[in-house]
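For reference, the structure is listed below as structure tokens.
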């Protein structure tokens with residue numbers, strides 16, 4: 001039955017459970033307006049395809065798993081930006097750069113939550129206020145993140161924001177996935193397709209250079225569905241929006257397919273490595289390549305390079321963006 005309930009969980013404290021008529025379940029946390037689980041009802045049992053630390057303490061230690069990232073996702077090179085000739089300095093927390101807006105970013109905040117049921121969907125609206133000058137960002141920003149689930153097995157995340165001063169705004173969801181249901185299984189045998197002809201070129205420290213690289217003939221060429229293999233990724237793909245979907249991830253047994261459609265200009269794809277290895281997850285210790293992060297967003301570095309787009313938010317406009325995750329699964 002289509003429903004949304006607030007509950008107390010022994011591992012994650014307050015959670016919100018969204019369920020549809022097909023028994024697909026999505027679990028959310030107000031800490032970081034965070035995606036904790038997508039529980040897929042297969043014939044052989046429920047498969048949770050979201051990679052997540054085992055409890056709330058693990059989430060706080062790991063920071064980004066499943067969280068809403070903002071106000072600005074990714075790295076702000078050299079920890080500064082300019083708007084209309086005025087310079088703003090942000091917290092340095094990743095070499096000389098700002099990563100995911102610093103130590104008090106959206107992921108490390110407890111959001112207000114409001115549930116709703118209407119028009120064939122259920123959802124949770126998370127909201128918070130990011131104060132003027134907080135973490136170096138100008139403007140009082142009213143931010144909302146809405147998760148909704150419908151009976152067509154679509155999970156949609158909508159981002160809305162307003163500001164009273166010009167500022168930067170480029171949020172994302174930092175969901176990690178392993179479609180086998182266990183983070184102990186490497187993702188190498190997953191199938192991936194990304195409808196992108198170019199990636200934003202990155203420096204060794206993963207900041208962007210202001211240039212683009214064609215994917216043809218490179219490790220980034222996932223224009224056709226193929227296995228991930230040993231490919232290590234931490235890169236912004238520039239989506240073409242020329243197909244019915246922007247990205248698809250398929251489990252090795254082909255029983256679960258995650259198809260993603262977004263209005264965002266790009267998607268950062270990150271495959272986990274030795275940094276995450278051994279982290280205690282819901283379904284075992286994290287393998288060295290135990291998950292893939294899929295982060296739809298504006299292109300990182302756009303605050304420095306106009307050719308990547310514009311992530312400036314101004315008082316006379318409002319920010320709106322949406323990403324839909326369609327979960328296909330076999331029940332045979």
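Even glycines carry a Cβ here, placed using N, Cα and C.
Owing to the predicted nature of the structure, the values given are computational and were not obtained by experimental measurement.
As recorded in TrEMBL, the features of this protein are as follows:
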type: ACT_SITE; residues: 174; note: active site, proton donor
type: ACT_SITE; residues: 295; note: active site, proton acceptor
type: BINDING; residues: 174, 175, 176, 234; note: beta-D-galactose binding site
Under 8 Å by Cβ from residue 234 (beta-D-galactose binding site), same chain, sequence gap 6 or more: 202, 206, 268, 269, 270, 271
All-chain count of other Cβ atoms within 10 Å of residue 175 (beta-D-galactose binding site): 30
Annotated beta-D-galactose contacts 174, 175, 176, 234, maximal Cα-Cα distance (Å, integer): 14
Neighbouring C-beta atoms (10 Å sphere around the C-beta of the residue listed as 'active site, proton acceptor'): 24
Around the Cβ of residue 174 (active site, proton donor), the count of other Cβ atoms that are within 10 Å: 25
